[in-house]
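Colleague: OK, TrEMBL features for this one:
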- B:Leu12, B:Gly13, B:Cys14, B:Gly15, B:Val16, B:Val17, B:Gly18, B:Thr19: NADP(+) binding site (BINDING)
- B:Lys106: NADPH binding site (BINDING)
- B:Glu191: L-homoserine binding site (BINDING)
- B:Lys206: active site, proton donor (ACT_SITE)
- B:351-428: domain 'ACT' (DOMAIN)
Protein chains: 2
Amino acid sequence: MTASGPVRVALLGCGVVGTEVARLLLTDGAELAARVGAPLELVGIAVRDVTAPRDPVVDRALLTDDASALVRRADVVVEVMGGIEPTRSLLLEAIASGASVVTANKALLGQDGPTLYAAADEAGVDLYLEAAVAGAIPLVRPLRESLVGDRVTRVLGIVNGTTNYVLDQMATHGLELQDALAQAQELGYAEADPTADVEGHDAAAKAAIVASLAFHTRVSVDDVHCVGIMGVTADDVALAAETGHVVKLLAIAERAGADGVVVRVHPALVSLGHPLASVRGAYNAVFVEAEAAGELMFYGRGAGGAPTASAVLGDLVTVARHRVLGGKGPVESRHADLRPRPVGEAVTRYQVQVRVDDRPGVLAQAARVFADHDVSIETVRQARADGEQADLLVVTHAAPDAALASTVAALADLPVVRAVVSVLRVEGA
Amino acid sequence: MTASGPVRVALLGCGVVGTEVARLLLTDGAELAARVGAPLELVGIAVRDVTAPRDPVVDRALLTDDASALVRRADVVVEVMGGIEPTRSLLLEAIASGASVVTANKALLGQDGPTLYAAADEAGVDLYLEAAVAGAIPLVRPLRESLVGDRVTRVLGIVNGTTNYVLDQMATHGLELQDALAQAQELGYAEADPTADVEGHDAAAKAAIVASLAFHTRVSVDDVHCVGIMGVTADDVALAAETGHVVKLLAIAERAGADGVVVRVHPALVSLGHPLASVRGAYNAVFVEAEAAGELMFYGRGAGGAPTASAVLGDLVTVARHRVLGGKGPVESRHADLRPRPVGEAVTRYQVQVRVDDRPGVLAQAARVFADHDVSIETVRQARADGEQADLLVVTHAAPDAALASTVAALADLPVVRAVVSVLRVEGA
């Protein structure tokens, strides 16, 4: 495994992140070589269209549209092209030919990480993925290495900057979601097609990757209970503020029972006193709770060319060092063999807003429904009563999500209930 | 380097952290073995007094007072005994005999890290030190590995829980420092002899280690400008609150000029809007600013048996994996070769509180002194005027620390100035 000369690096993709990686390889070459123990030689950049305009920092002589040939002459393949195919095939080809891989591809890892991990393991090469979760925030390495002697019980985080920005704008300016989203698109904080962000798919892919690492098991994006932010209203956000909360899109992975893990992405109420409440704009933050370490938080920019390139380069240097000096990073760890469990087994709290007839006895009827489902109530607040109808805002104590969901369904069936206006989980207590 | 059987682990020290490490090795043996790829065998625990009472989790048959013989039959030496000597000699002996070292000893590393790094490098063994800085918070690994392809410009943190707790109590209950400290001692948050904490020596050792790692250079504790919290008064804390600040003991390491680095530990005013302001009690938090990654924060418990043991075990698993599978962690990196520079070269802001004669023209005289030293003033506030004397509270714009210090000295010489009541730097803007 010991290279005699430079380490040959192939770059797949030359968008914002790829261009930044190329720039740093050029400007910091000497420093990177000192850290690796050998020079890093960029041997080619695979792009779809070699004739398209590029940043002048990109050496056009390195461009190629034959990615397959490129990966076969590299020691390390850096993948920042994204997408599922042909990316997966290219990375498997790279691994089979003995190259180590650094990837920022959360969609691919969230969907089919195990195939890649297994291939890398078998070929004895490294597969590094720091950039795939939470941009520049070192999270993968702490989970795979620093906490490897501890037992993680819960991971709770804001891992999508676009939705965090949108919710932040709703809270600050009282906007409806569509208006905040349109504004975010204008400013470039949200893409023209924001589906992957607002529907929670991006966060779900990251949650699957983080859960797999934190709990030493295999979680795919299909195991993640995922609800995006499209149902969050200006009224939800305003009511949250009245009770000292903010609405955040959270990704949560936690142990459930003896051998289960529940992974979920959904909007939730977070108390203003919780450090996650103050994570603003496009920043990301991840809380990790471990038995011995206690509560840890990691905070930083969750996306963007330069931060993602920083994470990619950190991995590239580590992986290249292994080529020069021998050694290998941690492989996929799935000895814990926990099973993904349905969201009904998560223990959480609900805030339920129901619109009811404004007359005596209604609260008693509603309270009866909670009791029938073994759900205890922490607070009830009546709002917006007009003599004809009123809103009850009920916050429960912790209970299994399934029991809470059944309670809400039963509430909806009560004759005195006109509508279930909103249901939000309360997290981070 | 490949071990055929179990990895032999020697434990030096069996206090709170050592006992916790022994407990985790016992209870999580199977899980740790899965992560390492071979069982970890605790072959001995070196203590001063083998007859002293111990937690029942400690196997008395493993106790020995011959640390020197013990380290020579180990693959990995875990050092949690603390102190400079005989610890340094024992670790050098361990390294010379081919053992890798995991240490939590900030005092030793802060004072003489380079000797140990060089010895480990020469012997081709690992020297891991996550537990030496900020307890369980993964900080060393991100600096040594995740950010290795980036350029750190500044590290700013709260790295001593005792002083943070004391300052927190002063702010919350309006206590004078001595009273808050006495209370902390009663509750076990401060030691009977709190010198190392309150004088800033503990934070300075950590700052030296972090600066060395972040800037790829050699910084010893002797290069750190260090002022503890003993000069902080209840009045300082109250005035800080009036202007929307808190007083925190900060450790700061930053680039100065083209090839310099300034490392300092001192109380400072931090704006309430800054995430470090909300770090309460015995928690630690470290901000890292890097060119590509931007602003990162790491937060968690900075001390305590279990959190420190978590960090030790994370290192132990990594180091043991290297014994089983080959490979080696990053060595001391000092290719950047920055020079430690005096605190006068740091660029900072001052808040100066001077007691002056309460009569017209005094402000003009004081302002003249700032101008003479090329220091511009951001705000001036007059407080506590009683017709005879008044306090001026001046906050400057950023300027070299040397210019700010000269300004303060010149102010003290003004005939209208009765006393310089307090000088605090303002950081984290």
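From the backbone N, Cα and C atoms, a Cβ is placed for every residue, glycine too.
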Colleague: State the count of C-beta atoms found within 10 angstroms of the C-beta of B:Val16 (NADP(+) binding site), not counting that atom itself.
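Modeller: Total other Cβ atoms inside 10 Å, all chains included: 16.
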Colleague: How long is the line from the C-alpha of B:Val17 (NADP(+) binding site) to the C-alpha of B:Glu191 (L-homoserine binding site), rounded to the nearest angstrom?
Modeller: 16
Colleague: Determine which residues of the same chain, besides B:Leu12, B:Gly13, B:Cys14, B:Gly15, B:Val16, B:Val17, B:Gly18, B:Thr19, have their CB within 8 A of the center of the CB atoms at the recorded NADP(+) site, and list them by sequence.
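Modeller: Neighbours found: B:Leu11, B:Glu20, B:Val21, B:Ala22, B:Val80, B:Met81.
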Colleague: Cα of B:Cys14 (NADP(+) binding site) to Cα of B:Lys106 (NADPH binding site): how many Å, rounded?
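Modeller: Checking the Cα atoms of B:Cys14 (NADP(+) binding site) and B:Lys106 (NADPH binding site) gives a distance of 17 Å.
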Colleague: Using DSSP with the three-state reduction, classify the residue listed as 'active site, proton donor' as helix, strand or coil.
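Modeller: DSSP call for the residue listed as 'active site, proton donor': helix.
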Colleague: When DSSP states are grouped into helix, strand and coil, how many residues of the domain 'ACT' (B:351-428) land in each?
Modeller: 24 helix, 35 strand, 19 coil
Colleague: Taking the Cα atoms as reference points, how far is the residue listed as 'active site, proton donor' from the residue listed as 'NADPH binding site' in Å?
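Modeller: Each residue's Cα considered, the residue listed as 'active site, proton donor' and the residue listed as 'NADPH binding site' end up 6 Å apart.
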Colleague: Check each residue in the chain of B:Gly15 (NADP(+) binding site) that is at least six apart in sequence and keep those whose C-beta is under 8 Å from its C-beta; list them in sequence order.
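Modeller: Correct list: B:Val80, B:Met81, B:Gly82.
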Colleague: Can you tell me how far the Cα of B:Gly18 (NADP(+) binding site) sits from the Cα of B:Glu191 (L-homoserine binding site), in Å?
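Modeller: Roughly 19 Å, rounded to the nearest whole number.
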Colleague: Nearest to B:Glu191 (L-homoserine binding site) by Cα, among B:Gly13, B:Val16, B:Thr19 (binding-site residues)?
Modeller: B:Val16
Colleague: If you draw a 10 Å sphere on the Cβ of B:Cys14 (NADP(+) binding site), how many other Cβ atoms land inside?
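Modeller: There are 25 such Cβ atoms around B:Cys14 (NADP(+) binding site).
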Colleague: Please report the distance from the Cα of B:Val16 (NADP(+) binding site) to the Cα of B:Lys106 (NADPH binding site), rounded to the nearest angstrom.
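Modeller: Approximately 16 Å lies between the Cα of B:Val16 (NADP(+) binding site) and that of B:Lys106 (NADPH binding site).
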Colleague: Write down the Cα-Cα distance for the residue listed as 'NADPH binding site' and B:Gly13 (NADP(+) binding site), rounded and given in Å.
Modeller: 15
Colleague: To the nearest whole angstrom, what is the C-alpha distance linking the residue listed as 'NADPH binding site' and B:Leu12 (NADP(+) binding site)?
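Modeller: Distance (Cα to Cα, whole Å): 15 Å.
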Colleague: What does DSSP say about B:Leu12 (NADP(+) binding site): helix, strand or coil?
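Modeller: It is in a strand.
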